[in-house]
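Features as listed in TrEMBL:
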type	residues	note
BINDING	K101, Q164, G196, D227, K370	UTP binding site
BINDING	H197	substrate binding site
Amino acid sequence: MVISCSKLPAFATWDSFSIIQEFEKSMPRECLLLPKTHPKISRTGRSTVAAAIQIHNAKIQPYEKIKARGLPDSIASVLNKLVVVKLNGGLGTSMGCKGPKSLIGVRNENTFLDLTVQQIEHLNKTYNTDVPLVLMNSFNTDEDTKKILQKYSHSRVKIYTFNQSRYPRINKESLLPVAKDVSYSGENTEAWYPPGHGDIYASFYNSGLLDSLIGDGKEYLFVSNIDNLGATVDLYILNHLMNAPNGKRCEFVMEVTNKTRADVKGGTLTQYENKLRLVEIAQVPKPHVDEFKSVSKFKIFNTNNLWISLSAIKRLQERNAIDMEIIVNPKTLYGGLNVIQLETAVGAAIKSFENSMGIKVPRSRFLPVKTTSDLLLVMSNLYSLNAGSLTMSEKREFPTVPLVKLGSSFTKVQDYLRRFENIPDMLELDHLTVSGDVTFGKNVSLKGTVIIIANHGDRIDIPPGAVLENKIVSGNLRILDH
């Protein structure tokens, strides 16, 4: 494992830069174990971000234009140049689960990881190709992930793993690292964190996998979050990269999609100094936050589906030329200690690459499962499952996804599953809000706008076979056996 405790990758704001300075002064020498290369710290201030958000989006191509170019005669020839990378550093704690989030069951008892392997295996079998899967693990997920990988030993997918770095949390008051030494055990467990997916460039390079895959003839990475079930390999985008219309290949492509009111905090692409840049909400000064959230002004956001040239990563890493903004992320540990985490986002490196571009893709390529509300959608009959990929059911008359808000009684996966005897029919649903102690019987159908509110101390049991269409249900409703 590479422990990267200082010289953090950055495009720092002035306040985060001062934190880094104090942090580097205070860090014990034994913790300053640096990777072979590390991105530089840029001292560009908040004023740059403020200026950048005034720039209109540019260099963004519609997906329809990319798709109109068609596919090459030999799909295998372009697929064999591809590596699929899934960001697998997160835990399932926010959904009440232990271990890696990628091991949570999401559809027909298949986990995120199962579905990913099925997708790539289907490509390899269909086109007789060798597309490998690479998992970027964190110290939180590596051990459990490696144990489960044994189940795929007979699948037609080569699977590789590497670990991202481990950084020490910083005490917010003293600006000293919480970690007293480099160990990761006992009371020291909470002292460390994975520093965001922007760490992929240095960790991938230092693992040796980058050079190995280039040696195998691979040319592009397709990187995405493992919990985004819409992030499948798109042959049209890959063909556009491999067979550039003007002969000049893109080194970095970011998939963006239309922003809705549910996505107002999502990062957006801007153009500044003739370079595309990713601007995250954490970088935006408070006076501009409402402007940043505006759906009318910033109409697209980053899906974190990225296509990146392997040779470009190698070149930039060796020149120490990958420049990323630092995100200062405040946290409170279980004991009440306020700490700071310094993180980077993988998409922030877009400005370091040549001929980068955005592609405005259909919303179907952004299907993240962050909560049990999202889980209800992907487990329902709104989607059909084929070879690991979810697609919107043809029986749904309009392509938009319903807005679902499940209350705190549904937050943990175990509680959520207990409250549904089976998943309701949601083909005609527009909006569902559920709050309080509510359970659903078998074969319930939800249509239009449905709001179910059980007040404190009350319970609502939706009976088997119930059809709720444009209904508000409140109070107390119990169905008792006799």
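Along the chain as shown, the residues are counted starting at 1.
Using N, Cα and C of the backbone, Cβ positions are placed for all residues, glycine too.
When the Cα atoms are compared, K370 (UTP binding site) and H197 (substrate binding site) turn out to be 16 Å apart. Annotation for the residue listed as 'substrate binding site': same-chain Cβ neighbours under 8 Å, separated by at least 6 residues, are L87, G89, M136, Q164, N225, N304, T344, A345, V346. Local packing around the binding-site residues K101, K370 was summarised as the count of other Cβ atoms within 10 Å of each Cβ; on this measure the leading residue is K101. Note on Q164 (UTP binding site): other Cβ atoms within 10 Å of its Cβ, all shown chains, come to 28. Sequence-distant neighbours of G196 (UTP binding site) (same chain, 6+ residues apart, CB-CB distance under 8 A): I327, E343, T344, A345, V346. Remark: D227 (UTP binding site) has G90, K101, S102, F112, P368, V369, K370 as non-local neighbours, by Cβ distance under 8 Å and separation of at least 6 in sequence.
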